[in-house]
Amino acid sequence: MSAIDTVWVLVAAFLVFFMQAGFAMVEAGLTRAKNAGNIVMKNLMDFAVGSLAYWMVGFAIMFGAGSAFFGSSGFFLSGDWSFLGLNVPIEAFWLFQVVFAGTAATIVSGAMAERTRFTGYLIYSAVISAVIYPVVGHWTWGGGWLSQLGSQGFMDFAGSTVVHSVGGWAALAGAIVLGPRIGKYNEDGSINPLPGHSITLAALGVFILWFGWFGFNPGSTLSGTDPAIALIATNTSLAAAAGATLAMLTSWIRYGKPDVSMTLNGTLAGLVGITAGCAFVDIWAAVVIGALSGILVVHGVEFFDRVHVDDAVGAIAVHAVAGAFGTLAVGLFATDGGLFYGGGFEQLLVQLAGVLSVFAWTFGTAYVLFKLLAATIGLRVTPDEETMGLDLGEHGLTAYPDWAPLQPGLGSAHAQAARVSRGQTG
């Protein structure tokens, strides 16, 4: 065991954990004030519930000994893990992995914001952390079948696909099953903007996420003495900068003014896009990947709006689209095996196979899960709760009590929430 490596992995895990605060701020800022309390509650509990599920089941499926498709040993973090050949204690490795699982889970919250029942969301959080995400992780990082494809295996260094696209494809399934928020689309197909209540909070969240990504990507070396850490950190930051700049310019050209929310999402898209190849590409390629991710996210947000998939924060475009692109880009820009470096098409085809298989597994299982929840306990809140806001409807409070407008004649906020919970509207 190496003390330096252990400290590095733990510090990186702490940085990635802090990204949960970043996701909460982005989502809260880009949604309406009447749902802010529900947003932070979901982001807290998807990590809390997901951590327990990952400890009990998920880590064993992801890294336990088993088949090429899933692990089947080491539940509850028990048994001998020496076969992994780690240079850090298993507890440090588990902590680093559970914050990744929490990232995949929390991505879905944004796309399903402002209309999802809290109970259904808790169940989903447990399932993605226990099964959906760990299966993909086993395929790629646990010695599974994707890691054995081609001469080098599926290359996803820190999780453009394994983490971010898993969250993004599950978010797409959830948004489709839920349907759009009330008032988002008109009968003639036109779109009504439902702006978030605090672009300032959203910007704070993006800064937190950018900071946390210095644990996410460099930390995936699992070694505090690996000289690649410097290249990985540089690639990560420059890709974010390029994503922000190109998203800003794209929105400026398309809308006549530089759009703040698109620029924020462009920053995240650059980070997501480079996560797969941050250790495999040169600096110039990282800038190109980040820039193209920033352009893609603007068009991605517009596309999902056009087909009436209501994503309140742009999570699908950021994590699914940019994640898939960044993964494919490894097959082009990787210095060892990339098409542009004389490696031919083999690695690009391996990357494509990985992207498609992860989409099929994640979208398929998440769609079935959300459909089952909708048909049983219910996945969507009532129209009255949605109109009032999920702070009151789901939790009986409001994040901003001084701002909370009350419907005339219905009494206090708590009284209104009680009426809604009993199915009364007056």
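Cβ atoms here come from the backbone N, Cα and C positions, even for glycine.
Unlike curated entries, TrEMBL annotations are predicted automatically.
Over in TrEMBL, the protein carries these features:
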type     : residues : note
DOMAIN   : 7-400    : domain 'Ammonium transporter AmtB-like'
TRANSMEM : 6-26     : transmembrane segment
TRANSMEM : 47-72    : transmembrane segment
TRANSMEM : 92-111   : transmembrane segment
TRANSMEM : 118-137  : transmembrane segment
TRANSMEM : 157-178  : transmembrane segment
TRANSMEM : 199-216  : transmembrane segment
TRANSMEM : 228-253  : transmembrane segment
TRANSMEM : 283-304  : transmembrane segment
TRANSMEM : 316-342  : transmembrane segment
TRANSMEM : 348-370  : transmembrane segment
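Counted over residue pairs separated by six or more positions, the transmembrane segment (92-111) shares fewer than 3 Cβ pairs under 8 angstroms with the transmembrane segment (283-304), which leaves the two as not touching. Among residues of the same chain six or more beyond the transmembrane segment (199-216), those with a C-beta under 8 A of the stretch's C-beta atoms are 11-19, 21-30, 100, 103, 158-159, 233, 236-237, 240, 260-261, 264, 267-268, 271, 275. Among 6-26, 118-137, 316-342, 118-137 has the largest number of CB pairs under 8 A with the transmembrane segment (47-72). For the transmembrane segment (348-370), same-chain residues at least 6 beyond its ends with a Cβ under 8 Å from one of its own Cβ atoms are 108, 120, 124, 127-128, 131-132, 135-136, 139-140, 146, 149-150, 152-156, 161-162, 165-166, 169-170, 172-174, 176-178, 324, 327-328, 330-332, 338-339, 379.
Most Cβ pairs under 8 A with the transmembrane segment (316-342) among the ranges 6-26, 118-137, 157-178, 228-253, 283-304 are made by 157-178. Among the stretches 118-137, 228-253, 283-304, the one making the largest number of Cβ pairs under 8 Å with the transmembrane segment (157-178) is 118-137.
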